[in-house]
């Protein structure tokens, strides 16, 4: 949990009693709905709820003016941009697919759709006009908080990835769990989001590793059969064994490398394997903070 209120907000949305943006600018309506919501939470949580409605109403007296220039009718705004051939729309997602409420590692997810579908419904996009879907993935895997993480490394390698990669949660400040790249998860993400290209970031974090591992499948705990997909049953997945491919490390700094052809042979092999496995081209490669 990040403590940012996303869960309660979606709870109110599903209950159809939430406050919508346009209602903020109708002071009487806003106050009425806020008091009803606050009373409901007070009844539910009692003295555990530290919330002052009067203070909140006073704050919004100043916030309305600041918020107004940034609020538009989203459907009209986006449609006008999509219909204008001289304009391009760039959308950036905030969370990875495995935190998606429908396609992620439920219940260890956020409350919204974090993938392509969330962008389409959230902005009323015309799906037929989408030209590119770029998947952003690190050269290894990280996760903040609880939830299944089959390639997590609890030993020296995981600690090294965390420290060199400076892996701390942006919202929570928590130490990120780190492990090897899981191509079974990434293949699943490709199937849901239909990436046209990938941006492989933080490849330089692997510079000092003599060997890097990549998960390519899982093994059934009873039959030993290979599973080349991401199972929906996480209890079953937890019992599965991870099948890895090992790659010789390049063990030389690549932070100054600006062109693909200048990368070490081992780094190219790592990149090419990912592309071939997923069937999606890697168009950008991150080799350092700059």
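In case you wondered, yes, glycine gets a Cβ from its N, Cα and C as well.
As the structure is a computational prediction, the values presented were derived from the model and not from experiment.
According to TrEMBL:
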- 13: active site (ACT_SITE)
- 2, 16, 95, 110, 174: IMP binding site (BINDING)
- 170, 171, 172, 173, 174, 175, 176: substrate binding site (BINDING)
- 176, 202, 203, 204, 286, 287, 288: GTP binding site (BINDING)
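The substrate site is defined by 170, 171, 172, 173, 174, 175, 176, and by the 8 Å test on Cβ atoms against their centroid, the other residues of the chain that qualify are 144, 168, 169.
For the binding-site residues 16, 175, 202, the largest tally of other C-beta atoms within 10 A is found at 202. Sequence-distant neighbours of residue 204 (GTP binding site) (same chain, six or more apart, CB under 8 Å from its CB) are 253, 254, 255, 286, 287, 288, listed in sequence order. Cα of residue 176 (substrate binding site) to Cα of residue 110 (IMP binding site): a distance of 16 Å.
When the C-alpha distances from residue 171 (substrate binding site) to the recorded positions 13, 16, 110 are tabulated, the minimum falls on 110. In sequence order, 144, 145, 168 constitute the residues six or more apart from residue 174 (IMP binding site) in its chain with CB-CB distances below 8 Å.
A 10 Å cutoff on Cβ-Cβ distances gives residue 288 (GTP binding site) a total of 15 other Cβ atoms nearby, all chains included.
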